[in-house]
Structure formats: C-alpha cells, structure tokens
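Annotated features in TrEMBL:
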- His37: active site, proton donor (ACT_SITE)
- 30-37, 148-151, Ala177, 185-188: ATP binding site (BINDING)
- Gln61: beta-alanine binding site (BINDING)
- Gln61, Gln154: (R)-pantoate binding site (BINDING)
Amino acid sequence: MKTETTIQGLNAALASARLARKTIGFVPTMGNLHEGHLSLVREAKKLCDVVVVSIFVNPIQFGPNEDYDNYPRTLEADSHLLADVGCDLLFAPTVQQMYGDHVRKTSVVVSGITDLLCGQSRPGHFDGVATVVTKLFNIVQPNTAFFGQKDWQQLEVIRAMTRDLNLPLDIVGVPIARAEDGLALSSRNGYLTEQQRQQAPVIYQSLLAAKQSLQSGEDLSVVLQNIRDTLQQAGFEIDYVEAYTPHLQSVQQFNQDIMLFVAAKLGQPRLIDNLLVKYIPN
Ligand code: AMP
C-alpha cells in the first residue's frame, strides 16, 4: 500500500489507474481505525478496482469546545490495518495541504436536514463535513464513495449534496459494525473508562427494546420516553432521543418505516447510534 500526503503525490499515484479507467472507491475517515472503518474498505474492495482511504482530522467540522486537539491520531497503526485489508492508497494530508494559507471563502451548506439531531448540538458541524468531503471528492475523483450508516445523518447530508450538486459519483451506505455486546464501534469508545464501557451497550439494548415495543403496537412517544428513562437511569446525559423517517422527515406516529436516533454522553464521550424499525402493516 502506498501512502501519499500531498495532492500532487496522490495524482501521480492514481495516474495509471485513471488512464486505464479503473474504478476508484473512496473511504474518507478521520483515522484511529477500527472494524467499522475496515468494513467500509472491504465493501469498497468488493465494488471497485482501486481503493483509496483518506485519514484527515478535519478542523472545520469541530466546534470550539469539541475534541479536535485530543482526537486520537494513530497513523502508524492505521496504515498497518489498511494494508492488511488490501487498501491500495492511503491519503493522509496535512491541514496546510487541505486548506492552504489563504482565507477560505467557500462552504458547502446543506439545509434543512442539518438543523436537526446532531446539527442542533453541533452548529456548523455538517457545513464542515460537506465542505471537506466535497474537497476530497474533487481531489480523489472516485467513482464510488463509502460512508457508515452509524453516522446516518451524515450519510443523508452527503447523499443530498451529491444529488443537488450533480457530483459525478455513487454513494454507498454500509451497515453499523458493532462490538459483540452491541455497542456501535467508534473512535470515541476509546475515551470510555472500563465502567462506562460496560454501561455503553445500554444504548443499543434500549433501541432494540424500543423496536420490539413499536412493532407490538406501543405508542411512539411512549417508546421514545422509555429510551430516555432507561438511558438516564444508566447514567447517560441525553443529547437527543428522536424518531424520523429514513430521509429525516418528521414523524408523529409509527405508521411507516422509521429510524430511532440516540446521542448521549457517558462522562466526556458522546456516543451516537440508530436503528431502523420496519413498519409491518397487519
Ligand atoms: P470517522 O473516522 O469517524 O469520520 O468515520 C469514517 C467513516 O467510517 C464514516 O463514514 C463513518 O460513518 C464510518 N464508521 C465509523 N464507525 C462505524 C461503524 N461502527 N460502523 C460502520 N461505519 C462506521
């Protein structure tokens, strides 16, 4: 596997693949890779000839009180993991390489669906994501890009942006990779103390219980409140527990397929998860 840190180097490394019209699959990440990221790379390997992974901790998607400075940076270990799963090219640019010294005058802003869920507690976050992903798409010029369903709202934002701007690539969503006890894998899980790590699977357990209640006819608002109560009793500080359609339209009752969304803090780390609940009319 090659590693490139500059756009020029990346272009040189991809020149022959582009010339031979090989399909390029792209997996953007912030590094500190785990099985969730690797499942995206494996999916990309299945569908594309050449797989490019980027590792870039993007400063403009972090709020002033968020963990940009402390975000885990583990490039050495990451590059071994990527080589093992057959990634062809790792692009690991510096902030200088991505943003230069000039004042950036352009942002990519997706409206509406960025105002809810994580958009409420992380103002500007999705502008930062949409902007860096657009830049990375233009740099890598992939045929297909792969994103995790763990960040469902992010996936919807990228899909909307790609459609609205006619970006010439396909977006593929990859299911959430979980630990054996159900906790959605995340780079932020590393911040959990041992005790918090034991409590953390309560999020997924409460989502599964909610799904069962909904499918047995329980009222949506009661089910959402039950999740909140369960999480609060387990020591979580809730950011949101909400339901929307898969395309993030609001829902009042369970009369179509819905998604349940949770964001909650356990001590410092903020964890997110989601679950699709299929509506099965009787
Ligand atoms: P990040 O490095 O956190 O920006 O994540 C990079 C990509 O990996 C995003 O598309 C995430 O949605 C995806 N990802 C992170 N964790 C998981 C997971 N547990 N399962 C599936 N995809 C994931």
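Each residue, glycine too, has its Cβ placed from N, Cα and C.
These figures come from a predicted structure and were not determined experimentally.
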Protein Cβ atoms within 10 Å of Gln154 ((R)-pantoate binding site), excluding its own
21
Mind running the binding-site residues Leu33, Gly36, Gln61 against ligand 1 and keeping the ones whose CB falls under 6 Å of it?
Gly36
For the C-alpha pair, I'd like the distance in angstrom between Ser187 (ATP binding site) and the residue listed as 'active site, proton donor', rounded off.
10
Tell me the Cβ contacts of Leu33 (ATP binding site) under 8 Å, same chain only and six or more apart in sequence, or just say none.
Ile55, Thr74, Ala77, Asp78, Leu81, Leu82
Give me the non-local Cβ neighbours of His37 (active site, proton donor): same chain, 6+ apart in sequence, Cβ-Cβ under 8 Å, ordered along the sequence.
Val27, Thr29, Val53, Gly148
With H, G and I counted as helix, E and B as strand and the rest as coil, say where DSSP puts the residue listed as 'beta-alanine binding site'.
helix
Under 8 Å by Cβ from Gln61 (beta-alanine binding site), same chain, sequence gap 6 or more
Gly124, His125, Phe126, Asp127, Gly128, Val129, Val132
Give the helix, strand or coil assignment DSSP yields for Ala177 (ATP binding site).
coil
With an 8 Å cut-off on Cβ-Cβ distance and a minimum sequence separation of at least 6, pull the same-chain contacts of Ala177 (ATP binding site), or say none.
His34, Glu35, Gly36, Leu38, Ser39, Gly148, Lys150, Ala184, Leu185
If you count the other CB atoms within 10 A of the CB of Gly36 (ATP binding site), including all protein chains displayed, you should get 22
Could you give the Cα-Cα distance between Gln154 ((R)-pantoate binding site) and Met30 (ATP binding site), in whole Å?
14
